[in-house]
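Taken from Swiss-Prot as is:
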type    : residues : note
BINDING : His65    : nitrite binding site
BINDING : His65    : O2 binding site
BINDING : His94    : heme b binding site
DOMAIN  : 2-148    : domain 'Globin'
MOD_RES : Ser4     : phosphoserine
MOD_RES : Thr68    : phosphothreonine
Amino acid sequence: MGLSDGEWQLVLNVWGKVEADIPSHGQEVLIRLFKGHPETLEKFDKFKHLKSEDEMKASEDLKKHGATVLTALGGILKKKGHHEAEIKPLAQSHATKHKIPVKYLEFISESIIQVLQSKHPGDFGADAQGAMNKALELFRKDMASNYKELGFQG
């Protein structure tokens, strides 16, 4: 399940492109998530009222939250699998406070892949996509493991 050094390098190379403009990447990831899986919007009291893509694009709060999400994920990815210290508090809040099911983590992972494909096709070929999928799967597996320890069946 672990990634090779080369795979981590592919992940971090494309992530460098994300970090060049985290707010717009984060906004696009959340918009894709909410459009593709409208049920996920119900977990976000701040955004429930946003019904159209135009409303979502105009929301500074959505853009800020997208940046927060991708900043946290970037911190985890940079640990190259040695991310227990970063995962624990994230799993704690997502299991006990926000009650975010693991399935929703799969949905946002799909959205991240789609955004990277559309924004960075030249830097996100098949090898990079495969590596990012593995990295996001590792993240979800470790979140799910922490959820289980916390007694959250999400």
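These residue numbers are counts, starting from 1, taken along the chain as shown.
Including glycine, each Cβ sits where the backbone N, Cα and C put it.
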Most crowded position, judged by CB atoms within 10 A, among Ser4, Thr68 as modified residues: Thr68
Secondary structure content, the domain 'Globin' (2-148) (per DSSP, counts of residues): 118 helix, 0 strand, 29 coil
Cα-to-Cα gap, the residue listed as 'phosphothreonine' vs Ser4 (phosphoserine), nearest whole Å: 27
Rounded Cα-Cα span from His94 (heme b binding site) to the residue listed as 'nitrite binding site', Å: 14
Candidate with the highest Cβ count within 10 Å, taken from the binding-site residues His65, His94: His94
Rounded distance in angstrom between the Cα atoms of Ser4 (phosphoserine) and His94 (heme b binding site): 29
